[in-house]
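**Q** Take this structure, written in structure tokens, and hold onto it; I'll ask about it next.
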Amino acid sequence: MGLPDGLVASVIPAAAVIGILFAVFLWKRVAAIQLVGGRLISSQNGREYLLEEEQRGGEEEVVAKAADIQKSISEGASSFLATEYYYLGIFMVIMAVIISGLLSSVTPEDGRTRNDEVRNGIFSTISFVLGGATSILSGYLGMQIATYANARTAVEARKGIAPAFMCAFRSGAVMGFLLSGFGLLNLFLAITVFSRFFGDDWRGLFEAITGYGLGGSSIALFGRVAGGIYTKAADVGADLVGKVEKDIPEDDPRNPAVIADNVGDNVGDIAGMGADLFGSFAESTCAALVISAVSSLGTQHNYSGMMFPLLISATGIIVCLATTFIATDLKPAKVISEIEHTLKMQLIISTLLMTPVAYGVAVLSLPAEFIMNVPSSTADKPFDEKTVKNWYMFVCISAGLWGGLLVGLQTEYFTSNRYKPVQDVADACRTGAATDIIFGLALGYKSCIIPTIVIGVAIYVGNTLAGMFGIACCALGMLSTLATGLAIDAYGPISDNAGGIAEMAGMGEDIRERTDALDAAGNTTAAIGKGFAIGSAALVSLALFGAYVTRARIDMIHSSILDPRVFAGLLFGAMLPYWFSAMTMKSVGKAALAMVHEVRRQFNTIAGLMEGTTRPDYKRCVAISTQAAITEMIAPGALVMLTPVLVGALFGTQCLAGVLAGSLVSGVQLAVSMSNTGGAWDNAKKYIEAGATEHARELGGKGSDCHKAAVIGDTVGDPLKDTSGPSLNILIKLMAVESLVFAPFFYNCAHGQGLIFSWLGLAQ
């Protein structure tokens with residue numbers, strides 16, 4: 001039963017290539033708006049003509065400024081990523097040597113030979129390097145696209161909301177389809193090439209492929225942390241001195257930190273976010289593959305069934321392609337009130353379309369029934385056999401798919417200034433920053449309730465129907481519309497940059513009003529994207545945990561939460577997200593402090609800066625953010641990367657299992673509350689600034705005491721929503737996939753008891 005192998009082997013790469021070609025098509029449409037010689041030119045049907053504003057004259061200087069600012073932002077972002085990727089390249093070489101060395105040194109057991117272990121070490125290393133390189137490529141392409149589109153979005157805003165929206169959304173979609181296409185294509189090619197060396201050993205093949213997820217998430221962690229420190233150091237410094245002390249508008253060209261702030265949007269919210277979601281895709285797919293490899297799908301060499309996770313991602317690209325046309329051509333946002341609705345409909349429509357497609361893929365690619373191995377409930381055997389029907393997998397995919405939509409919609413409710421929670425936070429600014437912060441924290445904590453329930457239900461459904469494979473497929477379902485999720489996520493930073501360029505180029509209040517509306521919707525969509533990332537990370541982490549338990553040969557019958565090793569690990573793991581967050585937030589604080597001192601120095605020492613007759617030293621602020629980001633990313637990254645290796649080798653596989661479970665449980669709650677609290681504070685500030693409702697106008701608008709309190713709240717929330725919060729979901733995934741990759745080595749250390757317990761004679 002199932003689809004012919006040849007058809008499966010054709011459909012997956014074909015869908016990936018179609019996604020990449022569609023991204024190129026969208027790129028061409030964005031590139032039709034050219035900034036040439038200080039004039040805005042639109043190209044249609046092979047003919048170029050000046051826009052109406054240009055024919056009237058007086059706009060050439062504005063567009064020339066926009067092009068100049070775009071160049072500065074692009075150069076700053078490229079310079080930072082080049083520096084970051086240089087150090088990450090060194091890290092990848094060191095990590096590759098460690099992976100190859102440790103896995104190749106494992107003592108062969110269960111009929112495996114020394115050559116099998118060496119082969120596993122070599123190919124796990126290759127897949128790690130491939131995953132890391134794909135993650136780097138994803139981040140770099142996303143940054144290039146965003147910096148190319150930001151000025152074009154700003155100049156398109158002069159024609160109205162619809163042209164600016166289409167430019168920003170198409171640019172975000174370019175990133176979404178490029179990342180989805182390359183991620184899927186590279187993984188499929190790796191499986192195809194590796195299979196020639198592994199032959200019939202499918203279990204060994206897919207265990208080696210897990211290195212792909214490890215590479216992707218390793219780079220994502222450093223990219224998120226470094227990008228988050230960069231962007232928030234600049235943002236906090238620019239806001240505290242510019243808006244609070246000097247009472248100048250956001251993105252005012254007189255502010256020395258303004259270029260660094262806009263660069264940060266690209267290296268943090270674009271490059272970091274792209275690498276993050278690529279890591280989620282890679283790990284969820286690898287988790288599903290490694291679990292299904294020991295099922296009847298793997299043992300009977302059912303190629304169509306084994307490729308089910310990749311087929312879901314492949315068909316998801318086609319579904320997202322159809323959905324994108326609705327926002328870019330059929331029904332784009334034409335007025336301010338339609339922006340959020342249009343973006344939200346992208347999520348809803350893609351989910352509706354993907355549901356019947358998932359059913360078709362499950363029924364056609366999987367056999368009517370197959371056997372999954374699940375942990376045994378009795379002591380006489382390690383596993384029980386569970387009969388799984390193909391439509392069960394459709395239910396699992398749907399649980400993740402619709403669960404992701406629910407998480408996204410509730411995130412919108414708690415972070416959009418169209419709804420009461422954010423308006424209550426804005427109203428709390430009447431009595432100062434303290435009450436604003438109190439209300440924001442309460443909102444973040446409350447916003448954890450629904451995502452936790454949704455994730456819990458998805459876990460129960462997936463595990464009941466198909467064990468850990470079902471949970472992995474729930475994560476795949478949540479990420480099946482990845483291209484659309486990335487498009488609306490990348491749209492936000494592009495719109496934010498467009499607003500900054502409009503302000504710096506002096507395009508006028510009416511244009512800035514449009515870009516602010518695009519940006520406010522972008523803040524909400526960014527929070528929705530983070531909600532998807534966190535929810536999928538929880539499911540992926542649990543699926544990887546299940547695969548780790550199997551590969552590390554942990555006896556689930558005799559392992560209990562009351563076991564002192566497990567419980568000690570549980571407590572330590574629950575503490576890790578707080579330790580990690582403390583590191584990243586302090587790093588932002590230290591970098592922001594240096595930025596504040598530099599911005600103050602320039603205002604105090606550069607004559608004519610406040611009057612606007614002298615240009616600030618933008619490059620000095622860019623250098624401060626770059627240096628801080630590169631140096632401060634090392635300690636948090638080392639904490640995450642070293643913890644599983646040290647705990648697993650020294651204290652054993654059971655203690656490490658407790659660490660993974662503890663970090664998952666506490667990390668999810670902390671990540672959700674941080675992301676939503678920060679998003680709510682940001683949009684509360686924008687609610688006051690926009691003054692679009694009677695209630696908002698009562699709060700005083702820009703420059704009022706309420707506004708200053710809101711700016712302080714937003715500043716506090718910046719490292720929560722853009723540095724620590726988004727990085728936490730990578731922490732829980734990365735520790736799980738690293739544990740899975742190194743599981744044979746951990747078991748090799750005194751048969752999983754740990755070197756310390758073995759040395760002390762306490763092995764059980």
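Here the Cβ of each residue, glycine as well, is placed from N, Cα and C on the backbone.
Feature list, courtesy of TrEMBL:
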type     : residues : note
TRANSMEM : 6-27     : transmembrane segment
TRANSMEM : 85-106   : transmembrane segment
TRANSMEM : 126-151  : transmembrane segment
TRANSMEM : 172-194  : transmembrane segment
TRANSMEM : 306-327  : transmembrane segment
TRANSMEM : 347-371  : transmembrane segment
TRANSMEM : 391-409  : transmembrane segment
TRANSMEM : 453-479  : transmembrane segment
TRANSMEM : 532-550  : transmembrane segment
TRANSMEM : 562-580  : transmembrane segment
TRANSMEM : 645-665  : transmembrane segment
**Q** Mind pulling out the one from 126-151, 306-327, 562-580 with the most Cβ pairs under 8 angstroms to the transmembrane segment (6-27)?
**A** 306-327
**Q** Would the transmembrane segment (85-106) count as touching the transmembrane segment (306-327), i.e. at least 3 C-beta pairs under 8 angstroms with sequence separation of 6+?
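**A** As far as Cβ distances go (cut-off 8 Å, pairs 6 or more apart), the transmembrane segment (306-327) and the transmembrane segment (85-106) do not touch.
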**Q** May I ask for the residues of the chain that lie six or more residues beyond the transmembrane segment (172-194) and have a Cβ under 8 Å from a Cβ within it?
**A** 9, 12-13, 15-20, 22-23, 26-27, 30, 123, 126-127, 130, 134, 137-138, 141-142, 145-146, 205-206, 208-209, 212, 216, 270, 274, 277-278, 281-282, 285, 289, 310, 313-314, 316-317, 320-321, 324, 328, 482-491, 494
**Q** Sort out the residues at least 6 away from either end of the transmembrane segment (562-580), same chain, that have Cβ-Cβ distances under 8 Å to it, and list them.
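**A** Cβ under 8 Å, 6 or more out: 636, 639-640, 643, 647, 651-652, 654-667, 670-671, 724, 727-728, 731-732, 735, 757.
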**Q** What stretch, picked from 347-371, 391-409, 532-550, has the most CB pairs under 8 A with the transmembrane segment (453-479)?
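**A** Out of the listed stretches, 391-409 contacts the transmembrane segment (453-479) most.
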